[in-house]
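According to Swiss-Prot, the protein carries these features:
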- 1-20: signal peptide (SIGNAL)
- 21-95: domain 'UPAR/Ly6' (DOMAIN)
- Cys23-Cys48: disulfide bond (DISULFID)
- Cys26-Cys35: disulfide bond (DISULFID)
- Asn40: N-linked glycosylation site (CARBOHYD)
- Cys41-Cys66: disulfide bond (DISULFID)
- Cys70-Cys86: disulfide bond (DISULFID)
- Cys87-Cys92: disulfide bond (DISULFID)
- Asn95: GPI-anchor amidated asparagine (LIPID)
Amino acid sequence: MKTVFFLLLATYLALHPGAALQCYSCTAQMNNRDCLNVQNCSLDQHSCFTSRIRAIGLVTVISKGCSSQCEDDSENYYLGKKNITCCYSDLCNVNGAHTLKPPTTLGLLTVLCSLLLWGSSRL
């Protein structure tokens with residue numbers, strides 16, 4: 001009985017895909033419409049990234065994909081700017097915008113509600 005159980009378990013694990021992250025992926029594209037290829041990330045890649053390099057305010061080059069160690073970054077250069085954004089859910093790098101994590105969103109909503117209540121009580 002144990003043998004059958006382990007055989008079924010091994011078959012299930014072999015056939016069942018892991019819960020890998022999916023990110024949009026492209027290299028050196030001029031706009032987001034050209035960055036709609038979906039990439040299945042490896043299990044050690046826990047974030048999606050979008051890299052935008054804007055040169056002289058005229059040309060923007062976009063790259064997207066999976067990353068194992070992503071850090072938001074922004075650097076200004078003499079002739080342009082580089083901006084890297086990271087996110088952590090399936091297909092979250094659709095346009096490179098930051099997505100607020102739930103604790104951040106909850107904190108902002110709490111502050112906003114407090115300000116609204118405080119302001120209405122002073123009227």
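Including glycine, each Cβ sits where the backbone N, Cα and C put it.
Here the features listed in Swiss-Prot are placed on the structure.
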residue: Cys23; record: disulfide bond; DSSP (3 states): strand
residue: Cys35; record: disulfide bond; DSSP (3 states): coil
residue: Asn40; record: N-linked glycosylation site; DSSP (3 states): strand
residue: Cys48; record: disulfide bond; DSSP (3 states): strand
residue: Cys66; record: disulfide bond; DSSP (3 states): strand
residue: Cys86; record: disulfide bond; DSSP (3 states): strand
residue: Cys92; record: disulfide bond; DSSP (3 states): coil
Looking only at Cβ atoms, how many others are within 10 Å of the one on Cys41 (disulfide bond)?
19
Provide, as an integer number of angstrom, the distance between the C-alpha atoms of Cys23 (disulfide bond) and Cys66 (disulfide bond).
6
Have a look around Asn40 (N-linked glycosylation site) and count the other CB atoms within 10 A of its CB, chains all included.
13
Sort the disulfide-bonded residues Cys26, Cys48, Cys66, Cys86, Cys87 by C-alpha distance from Asn40 (N-linked glycosylation site) and give me just the closest.
Cys66
For the disulfide-bonded residues Cys23, Cys26, Cys35, Cys66, Cys92, which one has the sparsest Cβ surroundings, going by other Cβ atoms within 10 Å?
Cys26
Asn95 (GPI-anchor amidated asparagine) versus disulfide-bonded residues Cys35, Cys41, Cys48, Cys66, Cys70 - nearest by Cα:
Cys35
In terms of Cα spacing, which of the disulfide-bonded residues Cys26, Cys35, Cys48 are within 10 angstroms of Cys86 (disulfide bond)?
Cys48
How many other Cβ atoms are found within 10 Å of the Cβ atom of Cys70 (disulfide bond), counting all protein chains shown?
21
Going by C-alpha distance, which of the disulfide-bonded residues Cys66, Cys87, Cys92 is nearest to Cys26 (disulfide bond)?
Cys66
Give me the Cα-Cα distance between Cys87 (disulfide bond) and Cys41 (disulfide bond), rounded to a whole Å.
13
